[in-house]
Amino acid sequence: MVREALAALLGLEDDLEVVAQVARGDEVVEAVRENAVDVALLDIEMPGMTGLDAAEALHGEFPAVRIVVLTTFGRPGYLRRAMEAGADAFLVKDAPAAQLARAVRQVLAGEKVIDPTLAAAALAGGANPLTEREADILRAAEDGASNAELAAALHLSQGTVRNYLSTAIQKLAARNRAEAVRIARQKGWL
């Protein structure tokens, strides 16, 4: 419903044309292959593949396509991850339609567009303290897997998993792994 409303709003602009819509993140790259796309609008939370993963895949295969990430999750970590994935713009979904249309025009002109409130929060929040491996292990631990299950899934020893989890818990000042996952997810680091 939100996707269709955004498409309808952008379709009202004389100089913008919506050429494709997909409901799943894992359909984005294929839609770009099949259509002449200049700008892709992606939500962070998409079934099949997150918008951040879709942005990375899209940027890898079609670096000329501009990427605008829209989200209800105005978390600083998501902003940083979106930009690392190749996004050209990052806006919250409740931004006015005129702002979205302006952002599309700006990224087409080669500019970067970031919601100012999110930019300020990202700077204030600091960098993600987790290493890539610590984040991977916290993501895998999200479902409550044991150290043995994590070790098997990630091809690590149980001791290595325990060390990574302990370090992540300490870095996040969490009491346990569940709280570490919650904190990291809340900050957009997972």
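Backbone N, Cα and C define each Cβ position, glycine as well.
Look at TrEMBL and you will find 1-108 tagged as domain 'Response regulatory'.
If you look up TrEMBL, you'll see Asp43 marked as 4-aspartylphosphate. Within the same chain, residues at least 6 positions away in sequence whose Cβ sits under 8 Å from that of Asp43 (4-aspartylphosphate) are Val2, Arg3, Gly51, Val69, Leu70, Thr71, Lys93.
When averaged over the domain 'HTH luxR-type' (123-188), pLDDT in the model lands at 90. Per TrEMBL, the feature domain 'HTH luxR-type' maps to 123-188.
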